[in-house]
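The structure under discussion appears below in the form of structure tokens.
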Amino acid sequence: MSRPSQLELVNWCKGESIDLKHALLLYGVPEGVSRDEIEETAGTIKALGKVVVKGKIDEYFCYKCGENGHIATRCTAPENPQKVIRKLI
Ligand SMILES: [Zn+2]
């Protein structure tokens, strides 16, 4: 996927109830890398302290059409409330 925008990070943090001041976006992480492996790698950067992977932004989905990988403000697809509700419950 392309580089996520700052807006996507901000919205994602809101959705996950994470303080943006304590959030760091890692992108370009290859598919199939586990959270443990990401935490272990990021943890080698001592300045970061303890690193906890809270989720992947490509698991994030659009609240308008229900598709993964983009957010509603960037959505060009038609609204699909049924799909959004299925993902929320
Ligand atoms: Zn969409």
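Heads up, the Cβ atoms here are built off N, Cα and C, so glycines get one too.
Annotation comment: TrEMBL describes 62-75 as domain 'CCHC-type'. Residue counts for the domain 'CCHC-type' (62-75) under DSSP, helix first, then strand, then coil, are 3 helix, 1 strand, 10 coil.
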What average pLDDT does the predicted model assign to the domain 'CCHC-type' (62-75)?
86
